[in-house]
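Quick look at what TrEMBL annotates:
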type     : residues  : note
TRANSMEM : A:41-63   : transmembrane segment
TRANSMEM : A:70-89   : transmembrane segment
TRANSMEM : A:95-115  : transmembrane segment
TRANSMEM : A:122-142 : transmembrane segment
TRANSMEM : A:162-186 : transmembrane segment
TRANSMEM : A:217-239 : transmembrane segment
TRANSMEM : A:251-284 : transmembrane segment
TRANSMEM : A:296-313 : transmembrane segment
Amino acid sequence: MTTLAPRVPSRFLPVLATVALFVLAFGVGSARYDGFASGQVIANLFIDNAFLIVLAAGMTFVILSGGIDLSVGSVVALSTMVTASGLQAGWPVPLVVVAVLLIGSTLGLLMGLVIHKFDIQPFIVTLAGMFLARGLCFVISVESVSIKDRTFRDVATAAIELPGGVTITYNVVIALLVVAAAMYVLHRTRFGRTVYAVGGSESSALLMGLPTTRVKVGVYVISGLCSSLAGLLFSLYMLSGYGLHAVGMELDAIAAVVIGGTLLAGGVGYVLGGLAGVLVLGTIQTLISFQGTLSSWWTKIVIGVLLLVFIAVQRTMVRR
Amino acid sequence: MTPPLNEPPPPVVEMRGISLAFPGVKALQDVDFRLFPGEVHALMGENGAGKSTLIKTLTGVHRPDGGQVVLGGDEVAFSSPGEAQHAGISTVYQEVNLCANLTVAENILLGREPRRFGGIDFPAMRKRAGEVLARIGVHIDPGSSLGEHPIAVQQLVAIARAIAVDCRVLVLDEPTSSLDAGEVAELFRIMRVLRDEGVAILFVSHFLDQVYEISDRMTVLRNGSLVGEHLTADVDRRTLIAQMIGRDLGALEAIEDAAEKRHPDGPVLLHASELGRRGAIDPFDLEIRAGEVVGLAGLLGSGRTELARLLFGADRADSGRLVVDGKPLRLRGPRSAIAAGIAFSSEDRKGEGLVADLSIRDNLVLAMQAARGWTRPLPRRTKDQLVEKYLKALDIRPANPDALVRTLSGGNQQKVLLARWLVTEPRLLILDEPTRGIDIGAKAQIQQLVTTLAAEGTAVLFISAELEEVVRISDRIVVLRDRRKIAELDGSVTGVDEVVELIAGGAAPEKVVS
Amino acid sequence: MKNRLLWPLLALAALLLLNLIVTPSFFSLRMQDGALYGGLVDVLKNGAPTLLIALGMTLVIATRGIDLSVGAVAAIAGAVTCVHIGTSGSAGTAIAGMAIALVLCAVLGLWNGFLVAGLGIQPIIATLVLMTAGRGVAMLVTEGQIVTVNNTAYKQVGAGFLVLPISILISLLVLGLVAFVTRKTALGMLIEAVGVNPEASRLAGVRSRTIIWTVYVFAAVCAGIAGLMISSNVSAADANNAGLWIEMDAILAVVIGGTSLAGGRYSLTGTLLGALIIQTLTTTVYTIGVAPEVTLVFKAVVVIAVCLVQAPKARAALSFRKVAVPS
Ligand SMILES: Nc1ncnc2c1ncn2[C@@H]1O[C@H](COP(=O)(O)OP(=O)(O)OP(=O)(O)O)[C@@H](O)[C@H]1O
Ligand SMILES: [Mg+2]
């Protein structure tokens, strides 16, 4: 770290700190538990958290622009519900996929428009979006609907073999593609740079003549799209649709993004930070499952404590 | 050079009968304004006269309540600054309105960035930005983030953004408020080039010298109404000022008298020895006496603000000692400085000074209230008296204690900040650029105030980019260069030249007095 | 200022009117054993914990913060008290238990304050730590069981009546207290200053950290009292479900009341109205018999509607001028 520090601009420090922490946590795990340090454990981190990676990518856009999106967990649930019941009703898979993505981005669009046009705080609008999406799940069905469609199951269980005998799922590939796309958009396009500008100072961005409206609405569309895509991934992961899926997942996504060094005030942060944040959260879970003997309350306490350790260490590393 | 003014071409911008009201304020009333191609047109008026508002009405930030805007013969109604930009109006707004979290290059070129393979071409962008900056004589790394640079550089970057594209109309709302003489000269050179190319330039400044140097024509506003439009050559300063303030200029004469040098010999109030902070300012010695005005002169980034922040405890010193009243003082933060009678009015009034969403009243008493602690609120009556006193003393407008500071014009905001510290009756008042963006009448008032305070025994550390001002009111001048104190000049200095020489960094002698 | 509260007030009135139309008996009150009963009283009684938590949240939000841990803190308070009371029926034990619980809550508030003001961690994440771990702690205290108690003194806090429900009296008392303290001292102004511009406040000599610390402790204590009400009302401590998602309701109440999440100006009266709106909404769902499947959809629609009527921009859509960009 120290040898790197002078050459690395300070704005990358939080991300690097998070990555370093992840490596450290992994090191601790490997030292403590047999079989922790295997490629498959790392691969599983990605497999088990693919949907969260996608959510965090979408959330990064929103948070960078200075907003927040609380609806993502519920939109994931709604997407699993639409997927499951659509497939149950015999819709072809492509239709289901398109429908789900359309619903997610439309919801995002609506929230974005309300936020922007009427100047209502994002927290509230997306909280209402959260109620709405979850409510719609129960309108479709209050029961859990399992997915029996062949194609879908095949995709869900298909394993891609990597060198070294490590396997991953298509979910992982999709998640990583989303991360790559998000990075491209944020760093290489006017839209992306305007997201940063709006997060830095909205009134300045407006006076600079940047397309603030498009950006302020657009980030919610992107987040909605990512949420519904994450919902599809979650359906593949759980092979069921249920209104109580993904409860509280919005907080996981926000936590991941913020742990990755993105400022909630907007304007500062990176997609890769969010990815690192997800991996940190995933590692915490993995550590706990390797420990294996914890009661459910100790699990919660340990998650909280580890979260704290990560945040505190990251703070001190960034401050130096 | 200048187009024949007696037979001007049709105006490129024509605003007719513009009116605009904010809640409680009629900012513009039936204002007419014309801007011709190939001229520099100065918009003049006191703080709060409505200059910025007129500009924002032109560029689509505000929609006028009444009146028309005609651009190049067509009536327009821009609904956003972006549209105005597309129509060929480039604007530098008052205060720096850029994004501190982006790079300098992005701040200059975002919105018309060079592309490659559909994405932004960053190398090309940095190169372009570097070229534009070089055009106005700025040499900084375009890849650095804007927030790292001092306000003046940010202001230059804003100007670079405005001239980075071809435009028909260039609007500059107080672009020179933070610039030093060299930078202003550079800016004027560019403005002349653009003017000769036929660009219409709208220019706002409270520096009359600058206005007379650069402008061809001027429009004067007072209290939101049009007073008149003149050729610059036709009005002398006296008339202009009288038009702006609406009466004769008694106040202005006063400073000239105050300029006479005094030799304060009060007791030493503050003594810093080897005080310094790595990366901010090298260790320095400084002594300030009660009743003395010490000026800080130096270029941008020479460490003026950094020095002031150390004395106030806003940043912590990592070396040296501070003695106040003969007793060592360890500054743990602004609070301990304030307790020792030190006050600091920051140059960045938006970010570090005012609490924009609170009222004038709350902003005025904030420092005093903070010093008393929350359990001992100032009695309502005392508060009202204080507020009334300072609203009047500094002529803050609107004189409504409940107005939110956010809605005040720049100059009035500055006065509120100043008043906040005066309320605490400090023994050492550190003023970092207190007259930036302030109209000529108010500037005279503030300078007068500094002199009066000093006469009453307050020590003042006065920082300003405007050397004339420093020389005029300081009893002693400390010169900084490259984050180092290089000289201290006593009251015998009368001209700016001597200081300029030191600042500019020829092999000037270490002329240390006292 | 007055104007800003008009719209939440109208929203509340509209909701109440809806109830009146659907269930005409909604407004009827009856006295029984020196206690008042009726639809309105129910709203007050059930809304008391939310109101209390929202009060603490208002001050936290005014400093530009947010406290997600209040639900967990409420659960801890209930758990600690119930476990302390155990099988005892004495008032002394109940009071001691509550005192212990509230002191513990204050400590938890100090902890949040330490993370936010001391370490400078973003509030949402700082309090997420306690939100997660806090439920674990509550379960640890109750050992994962639902602990029931039978203590008349304790029962008073959440279910007792002094003509009006004691719980709402407590909440209103706290409201009055906060209003008095923030207005009569300079605390309110300093909180707002810190919320609007922390750096400028620091340079003006405001003890920003102490103030931030204070509001988190206050929020935690409020959450603690609310937790006592919730647990006392059912004479049991349910570590898993007590106060679940109440932080969201509280935040919603604060925002509906016109306080911005960006910090700065806040309105306690607004929060009161906001909390009443939220609770009336929940009650309405039952009284007008909204099907459980669409409860959430209904709630979403009402929340948006309430926000829309309040939004100056939505109303200004009728008038002409664009909202000015702050210069
Ligand atoms: N957004 C706003 N809301 C309310 N009042 C405003 C707003 N913007 C400006 N005003 C008021 O309009 C009047 C004109 O302000 P303006 O900023 O145009 O003055 P100015 O001539 O540019 O002054 P300065 O030289 O100090 O910059 C002032 O009284 C100011 O308080
Ligand atoms: Mg102005």
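If you go along the chain as it appears here, the first residue is 1 and each next one adds 1.
Cβ atoms are placed via backbone N, Cα and C, with glycine included.
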Listed stretch, out of A:122-142, A:162-186, A:251-284, A:296-313, that has the most CB pairs under 8 angstroms to the transmembrane segment (A:70-89): A:122-142
The transmembrane segment (A:217-239) and the transmembrane segment (A:296-313) contact flag, 3+ Cβ pairs under 8 angstroms: no
Residues of the parent chain within Cβ reach of the transmembrane segment (A:251-284), under 8 Å, 6 or more residues beyond its termini: 11-15, 17-19, 21-22, 25-26, 29, 45, 48-49, 52-53, 55-57, 59-60, 63-68, 72-73, 179, 182-183, 186, 196-201, 302-303, 306-307, 310-311, 314, 318
Intrachain neighbours beyond the transmembrane segment (A:162-186), with Cβ under 8 angstroms and 6 or more residues off its ends: 39-40, 42-43, 46-47, 50-51, 53-54, 57-58, 60-61, 64, 155-156, 192-193, 195-196, 226, 229, 233, 236-237, 270-272, 275
